[in-house]
Amino acid sequence: MNPVIKKFQFGQSTVTLETGRIARQASGAVLVTVDDDVSVLVTVVGAKQADAGKGFFPLSVHYQEKTYAAGKIPGGFFKREGRPSEKETLTSRLIDRPIRPLFPEGFMNEVQVVCTVVSTSKKIDPDIAAMIGTSAALAISGIPFDGPVGAARVAFHESTGYLLNPTYEQLQASSLDMVVAGTSEAVLMVESEAKELTEDQMLGAVLFAHDEFQVVINAIKELAAEAAKPTWDWQPKPEATALLGAIRAEFGDAISQAYTITVKADRYARLGELKDQVVAKLAVEEGSPSAGEVKAAFGEIEYRTVRENIVNGKPRIDGRDTRTVRPLNIEVGVLPKTHGSALFTRGETQALVVATLGTARDAQLLDTLEGEKKDPFMLHYNFPPFSVGECGRMGGAGRREIGHGRLARRSVQAMLPGADVFPYTIRVVSEITESNGSSSMASVCGASLALMDAGVPMKAPVAGIAMGLVKEGEKFAILTDILGDEDHLGDMDFKVAGTSKGVTALQMDIKIKGITEEIMEIALGQALEARLNILGQMNQIIGQSRNELSANAPTMIAMKIDTDKIRDVIGKGGATIRAICEETKASIDIEDDGSIKIFGESKEAAEAARQRVLGITAEAEIGKIYLGKVERIVDFGAFVNILPGKDGLVHISMLSDARVEKVTDILKEGEEVEVLVLDVDNRGRIKLSIKDVAAAKASGV
């Protein structure tokens, strides 16, 4: 096959799609190049036969950043790439979410997508190129896929409006970082963080992106017209109409009744009993449907029952209407020895959230293609199996936990104080202790509460809510605060977080076509109503950050020294600063501009370290009055300590206007006395006076 190349202009960049030159044994392979900044090789392979033992669609997406792409060699002992980074995991999820709904219902053949960043200039994020490449590779692979999909990143500035596919530098000054993906007809996925933008501004960004990425879809269609392989001859299994009818006729009412049981565990127990009865009755003899087929049909009846009830205006599974938030129970300060804690319960979803403050040394070190950087804010989300009443694997964070943690982080990050105001490293951990829908948004609420309980000066409280959608024909219902079952059986998962003034994060995943601007607008308005309701209840418990940090949190003292003194504080080979830290039990961070942050487990430890630093760096100011302590008396005067490690001499002639025969007639060792600095010679010797203090005070010194 000869290489096929398509070029098109996409915002401020030229994008090139090339196939037929690299990875030709894959079902589909496309090399995406954006200007000369980014190149991503995307391959798609589909298994020709489905694995009969799998009852789900085995799609896997692997996004990987090779260090050679940025001209680097991996650090560490093993000089090769290791396990996926958090960025790679999040981007894999970002690519997966818009393509998964476009494979046909019932398609169970394994599909693997591999996106490899092979070149980057560190100007733009390669994720959009990877999403475009995935869509193009699927379009030419022959695998059944209802694409192509377009994708775009959007930034927003109050003065200039929306900006398509911004650079890293442009994102720094933006109030919005949004990624949108969809088909020519509809939006399928939104992932964003914002600085309190309005619902209209967020919706405008979604629609702007959808309009702009049509050029991507058209280019992929042109590529597929020249390079696509024949579409697989795959047909879905015919619907088991007779089996569905038999289950509905005999068990339909019982299934519908089971979905009025409000307690999840009781409802699941009843549905389990009914499923066993259905299998026992309909999968009994040879020639009848298998147990797997009966269970699948039972699940389809469940799906239709819940959806029909909702669109026809009947009460939801737990008896609520479409706009009501589940009952809230909010507590703060629940863990006595932590820096800040909150227990946030919404219905059968509960998060125990803990905030911990640390020093700059506790910041997360990130080794990315763009270079090393430190992240002073972490939010970790844990979802143990007991939260849903199950036994399960315990271990490191999975893709879902990383994704939910990042969404919660995006939601609260814009409301954190700057490093100049609050130079602590912050770690928030959300432990999901119960789950029945929207645990990530419970984490947002809990994180805001725990941070305020810890005394972190938040700009405003943040709350989050998960919305759902059920659409049958022209009928649709938008659901506030969805349950786990409503998420599973619905057509949309729409999470919105923000303050009373605006949106800080928006995540949307849509499983069907035909989500209109009207539906998104209604969902955003309904989410605002729910968010304000939750914020009102949160504010009754704690409406603003505590005035003081927890007594368990480290004490921080900030100071600045002359840059010439940095070497003195550090000492030869770091000996001086190491000795200060060991002896005072404090930690000291020094910046190149002379800024110093001292962290101590107690106020006393931090102050002791500060005094040690002052003793090394402080200089006596000529003409300034100090309260000093007489350290030593000699025949010709007295040595007075005015600063840590700084003694000056009060000559006997400078003790009093009257003649002084003996210094001890005026001063005693250990006595505190006010002195005026007269001079500091080029050897650092300080000349002091007692008799001139009164005159200096009178003149306003």
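Cβ from N, Cα, C; glycine included.
The model shown is predicted, which means the values in this text are computed figures rather than measured ones.
According to Swiss-Prot, the protein carries these features:
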| type | residues | note |
| --- | --- | --- |
| BINDING | Asp487, Asp493 | Mg(2+) binding site |
| DOMAIN | 554-613 | domain 'KH' |
| DOMAIN | 623-691 | domain 'S1 motif' |
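When the binding-site residues Asp487, Asp493 are compared by the number of other C-beta atoms lying within 10 angstroms of their own C-beta, Asp487 comes out lowest. Per-residue confidence over the domain 'KH' (554-613) averages 87 (mean pLDDT, predicted model).
For the domain 'KH' (554-613), DSSP puts the residue distribution at 32 helix, 17 strand, 11 coil.
Classification of Asp493 (Mg(2+) binding site) by DSSP places it within a strand.
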